[in-house]
Every structure is written in structure tokens, then in C-alpha cells.
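Remarks on the structure that follows.
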There are 2 protein chains.
Amino acid sequence: MSRALPGAATGSDREIDRRILEVFRSNEGVVSGARLSRLLAISRTAVWKHINTLKSLGYVIEAVPSQGYRLVSVPDLLTSAELSAGLPLQRIGTRITCLQEVDSTNLVAYRLAEQGAVEGTIVIADHQTGGKGRLGRRWESPAGVNLYCSVILRPQILPLYAPQLTFVSSVAVVDAILRTTNLQPVIKWPNDVLVNGQKVAGLLNEMSAETERVDFLVLGIGVNINMNREQFPVDLRHPATSLAIEAGRKIDRLQFARVLLESLDALYAAYLAEGYEPLRRRWLAHSAVMGRTVRVTSGENVVVGVVEGIDEHGGLVLSCAGGRHERVLAGDVAICNEGEACS
Amino acid sequence: MSRALPGAATGSDREIDRRILEVFRSNEGVVSGARLSRLLAISRTAVWKHINTLKSLGYVIEAVPSQGYRLVSVPDLLTSAELSAGLPLQRIGTRITCLQEVDSTNLVAYRLAEQGAVEGTIVIADHQTGGKGRLGRRWESPAGVNLYCSVILRPQILPLYAPQLTFVSSVAVVDAILRTTNLQPVIKWPNDVLVNGQKVAGLLNEMSAETERVDFLVLGIGVNINMNREQFPVDLRHPATSLAIEAGRKIDRLQFARVLLESLDALYAAYLAEGYEPLRRRWLAHSAVMGRTVRVTSGENVVVGVVEGIDEHGGLVLSCAGGRHERVLAGDVAICNEGEACS
């Protein structure tokens, strides 16, 4: 189902790599081999071996004669050490599994959850061969350019309220885009994030539950970060873009992922402490549909109305012709332009 | 995870066994070996071998000299051939997997569903070593006496409405008890079936879903059929009994299971054709709580009120003190006796 990253090492070797990077981060400039050896309680030879491993993973580490080592740059590769280093994460991201290629991060996370993985466990992949979108659709997932990540949650809620958690991921993605670019993202119900009217992220929640309790949820998050125009399929259902295309520059994937983890962790903590209401308000503040006339299509059903809000089950509340109110729980939304016939 | 029944044969061998039993069923009295050989297009020796296999499975088959064979009795063993023979099943029970011992039929069914098992697939076991009840509780599952069965459904509904399907199983269990005994079963919300105030069946629904659609449901059904008093643990949360204890006679497990399959299949077909409303009415007609004052406990929360019905999410609708209406979606129900303080 999945392959480890090249150069993947045992748990303890990887832990030493992680700690060496931590030492570099907390010390500007050159760090002596003797210091690393002392801090990590490993031999000078072992320090040298780990430095070489890090170099093979794409870290540029300069050897300064008779002084030590200096970290010049980190690779544009998502590794668990780089992702969480120094972040004050409480739940989400406290365990991270980074994989080079998977069928789908949601599938891997679902299996891990079935085997008892703790809340907050994250699966990230560089490439998905069978990336999943909503309703059995495909999510285009080329290697090395985007973020594909799935988060395991175990909230003590009824399955009925699980759709609320979709809004944790959409608000977190918006937040991460705002904090790492000068773009203005908006959310289209139920779970798309748009920039300049085009889709840059898609979210897919899955759950395993019994009638009265959720066993686990998997929040799947796909963000088009550095994908270029040629990498999009021609037959897309909705116009799509990437952060790099819209911003006109390459985006630092690692930095984006770190900011996203922080946002997810903080939003989920707030949800557990304060419930749905603050999350709903933040979602509405970034919504592309609030107050707009929309047409929602679900199979044969079409509903047209003005969006008044979202309810406690994640449903879209519409004010329709004749003052009738309707709640829509599933479907594809089209925003109607002013003056255009929409029904 | 599971072991096959002793004497389990290959698919085609089992198919021949099934067809021999069909011939016996549709022919009162003695069937000649020559006739069986012709009807099944197998040799006389093969007929003789299959008759011996059936005998080893507990079928009593008499050899009538120079006339043929006569089926005297079938074993109290649940086999897929016996379970579905002659029943006009449309969906539920069209594929049956019978196992001697499993951890939990729900777990086996969940795995089968993940691997793509078709709607209506049923897993039945003679013995569960880790039978599951609601909310992580245990379901006592001794060998050879009860029915433990899990049904895979793939209705095209929102996860929000999945609790409605619990009522398919509780109404079907009531129906099967009414048709096979002279007992008067009632349903206690959310999912217990009681006889004379004691629990005879428990239902556990599980689901795998994304926000906007159910991937599959597993309806777990456990019915205490011929369990005796000594087989119940002493520390039961609620008083429990079996059909045999209450009826004062041994109940035919196979007949009960066949009637249950018929009821499940018919109720599910009606649900797909006509929706929730007829099912809700049937549930209410058998309800032990309708119109009664109940106390519902869910963790720290306690709600007391008179039951007015069940809503479209399976919630119990209560009329509480001061005319307030409350909906309860999870919890344990205690029925308050008249004149007794209940709050």
C-alpha cells in the first residue's frame, strides 16, 4: 500500500536525525561535532554518519574546517522531523507518518485508525496514485509539488455531528493560505477552498462509527501548492489552480504544511473546548456563499436559494422562493451571478 | 479471524449438497439414487459420497433398501444451504457466510464490506469469542445455542439517516419472535428487544461513511435463543433471558433464522421503496416506551419525559416537565413505573 521514503531509517536513527536538526535550529551558525556528540550521547563517527544521511535526504550541511557543521538549507521534502520541529502541537501532528507514494493517504490513515492509531496521527504522502475526492471522484495528486495529508480524530460526538469537523479542515486551510501567501482564499460549501474563483484545496472526511458514537474520523486534505498548469487534467469538473500559479511564485511546501498543522491543532482544541459555534462563525467569515444566491445540485434534485448559514449538521440553510426555508445536506454548489437566470 | 465449519467443502461440493437437500425438500418421501444422479448430473458413487457428507454434518438420512434415500431430520446447525433454501430473498441473505467461531460477526462483516462484499451479504457464526455490544460493551455469545449474525447494507442515504436502519433489525427480530413463538416481544429504544421485561436481543449498527454518503452499514443482530440461565454472566447490566427460557421449550434455531432473514429482506425492500415512515410506524406499534415516562441516562446527562415518538435521525422525542420538548440521540432508557419517583 505504501513505500517508505528513500533513506528511511529505523525509529531510533530517525530520532537522532531529528535531534541533530533541532540542535541546528536552536544554534545559529556552526555547531561542532564534539558538541553534537555530547548532546546526543553518540560517537563522533555516528555524528558524521547521521550528517551524511541528512545530506542524502537533501539537507545542505556545510563542513567548516576545524569548527564543525552548519545547516545551510533544508530540502523541499516533507519529513516528520521537519514538519513538527519546534511546533507546540497538542494533538494533531504529535504522530506523523511521511510516505513517498501511497494509493491514498485517507486509506492508509483509515487502516491505521482501525489498528488503534491515537488521535492526531497524520499521514502525509509526496505522491498519491489513487487520490480520492468526494463521492468516489478522483483527486489529482502528482509527486513532489502538493500536500496530501490525512488526520485521524477520535472526538466523543454522535455521528450526526461529524460533518462539523469538515469545517476544522477548511478553516485551517484558509488560515494557512492567508499566513503563507498574499492570496484571498474563500470556502465554497461543503468543502472546497477557492482562490480567484478556482479550486486550490479539497477536503474528504471519512468516518467509522456505531449509531451512538464515532469510532474515528479521517480528515483528508489535499492542497494544490506548486502544481503547474500542465499538471491539471483537461476534463476537470470545476476550474482548479494552485497557490503557486495564483501567487506567481514557488511556495515553500514545508512551511505551508507546518502552518497548516498549527492551525488544525489550534482549531480542533478550540472545538473540543468551546464546541461548534466559534468554528461556524469562522467558516461563515470566509464563506464564498454566505448571502449569495446559489444553485445546489444533488443527483436529480436542484434547489435554488439565498444562503443564510450552515446548521449543526453541516447543512446549508437556504431561503428559497416564496419565503420557504430549505436545508441541503449534500450536493454541488454553483454561485449564481447577479442578473443571471439561476433557476 | 475465523474458522470454517467442520466438513466445509469447496464451493461446488457445497453447491451439490445444497441441491441434494433441495431435491429432498421438494419430494416428500424416498428419492432414488438414480434420480439424484440424473438430476444433479453426477455419478451414483458421487451421490453416495455427498449423502455421507450430509450425514456427517448432522443430517439424518435413511437408506431405504432398493428404493433410495429419505431425509429424516436436519441438524440444529446454521449452514448457508439450510438458511436460504427456498426463501424468495431479494437482497438480504443472497450471500451467506456461516462460520463456526469468530471474534465478532460485525468485525468479519466490516472487513468483507471493505473488500467490496455486495449488499445483503450476511455473516453468521455459531460462537463469538469477542461478541460486541453497544458502546464497547460485551455481548455474551456461547456456542451452539443462539443466533449471531451481521448484515451488510449499502443504502444510498446520508450518514445522518443511518440510525433509521437500526429499526429494520429491531422490527425484523420482533416479527421473527412473533412468527416462531407465542411470546410478546417489545422494543426498548434504541435497540433492545425485550420479552417479559428482559432482554432477548441486542442490535449493533456500524457504518463506514464519508460526509455525504454511506459507504456501507453493518447491522449486527444477536438473539438469545436457546441459552439457559446458567449461561448468563452474573454481572449483567440489564436483566436478560432467552426465547427458550420464556417459551419453556427449545426453539428451532434454523427456523428462527430463516424467518428472520425473510423479515429483514422484506422490511429493507419496503424501506428502499417507501422510505422511513412505514418502518417508523411499525417500530412504534411494538415499542415498549411509546407514551411511557422514561429516564434516559447518557454519561452525566439525565433526561426524564414522556415518549412522544422517534424522529428521522432515530432520536427519542420526549415531552418533559413544563411542556418542553427534548430530543435524545443516545443513552440508556429506564421505564418509570407509575407512582414511582423518576426524576
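Any Cβ shown, glycine's included, is placed from N, Cα and C.
Bear in mind that TrEMBL entries carry predicted annotations, made automatically and left uncurated.
Across the DNA-binding region (B:33-52), DSSP assigns 17 helix, 0 strand, 3 coil. Among the features that TrEMBL reports, DNA-binding region is placed at B:33-52.
The domain 'BPL/LPL catalytic' feature in TrEMBL is assigned to B:81-272.
For B:GLN128 (biotin binding site), applying a Cβ distance below 8 Å and a minimum sequence separation of six or more within one chain yields B:GLU101, B:VAL102, B:ASP103, B:SER104, B:THR105, B:TRP139, B:SER141, B:TYR148. What TrEMBL records for B:SER104, B:THR105, B:ASN106, B:GLN128, B:LYS199 is biotin binding site.
Annotation note: B:ASN106 (biotin binding site) sits in a helical segment as assigned by DSSP.
Among residues of the same chain six or more beyond the DNA-binding region (B:33-52), those with a C-beta under 8 A of the stretch's C-beta atoms are 13, 16-17, 19-20, 23, 61, 68-69. Of all the binding-site residues listed here (B:SER104, B:THR105, B:ASN106), the one with the fewest other CB atoms within 10 A of its own CB is B:SER104. Across the residues annotated as binding biotin (B:SER104, B:THR105, B:ASN106, B:GLN128, B:LYS199), the widest Cα-Cα separation comes to 20 Å. Its own atom aside, the Cβ of B:LYS199 (biotin binding site) has 19 Cβ atoms within 10 angstroms in the protein chains shown.
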